[in-house]
Amino acid sequence: MTIQVLNGPNLGRLGKREAAVYGSVTYAELVSLIEAEAAVLGVDVQVRQSDSEAELLGWVHDAADAKDPVILNAGAFTHTSVALRDACAELSAGLIEVHISNVHAREEFRHHSYLSALATGVIVGLGVQGYLLALRYFVASASS
């Protein structure tokens, strides 16, 4: 099993952008944390980030075709992209929606997600630990 970890716009700026909201962990450090946790769990992981909606859609389509589970932090596309929602509807191996910040404690426009209704689960506000929790969930659910 390869778990796809897909990150949307501005997540490549972690550690540089709004540290009070997103923390001080850089994107490179996040990738290292995810890869280290995947190694401990004995699972393959592919971590990607794009500011392009089209590229993100392509990766979701690839995951759907491969029947890979997806951990998705779509960033602002969470609140705006019907196209991403429609692509995620094709996922059959599970979708965990992750947000580093608690989007429900922020601006009103961040409270709506086009993805949550399709997700197996949603993790918000737990910082980068949310990704690791999502990894553990997929591994545990695959072995049960």
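Keep in mind that glycine also has a Cβ here, set from the backbone N, Cα and C atoms.
Quick look at what Swiss-Prot lists:
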SITE      ARG17  site 'Transition state stabilizer'
ACT_SITE  TYR22  active site, proton acceptor
BINDING   ASN73, HIS79, ASP86, ILE100, SER101, ARG110  substrate binding site
ACT_SITE  HIS99  active site, proton donor
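Among the recorded positions listed (ARG17, ASN73, HIS79), ASN73 has its Cα nearest to the Cα of HIS99 (active site, proton donor).
Counting every protein chain shown, the Cβ of HIS79 (substrate binding site) has 16 other Cβ atoms within 10 Å. Most other Cβ atoms within 10 A: among the recorded positions ARG17, HIS99, that distinction falls to HIS99. Residue pair ILE100 (substrate binding site) / ARG17 (site 'Transition state stabilizer') shows a Cα separation of 13 Å. Within 10 Å of the C-beta of ASP86 (substrate binding site) we count 13 further C-beta atoms, all protein chains included. According to DSSP, ARG17 (site 'Transition state stabilizer') sits in a coil region rather than a helix or strand. Of all the binding-site residues in the record (ASN73, HIS79, ASP86, SER101), the one with the smallest CA separation from ARG17 (site 'Transition state stabilizer') is SER101. Neighbour counts were taken as the number of other C-beta atoms within 10 angstroms of each residue's C-beta; across the binding-site residues ASN73, SER101, the minimum falls on SER101. In the structure as shown, the Cβ atom of ILE100 (substrate binding site) sits within 10 Å of 24 other Cβ atoms.
ASP86 (substrate binding site) falls within a helix when secondary structure is assigned with DSSP.
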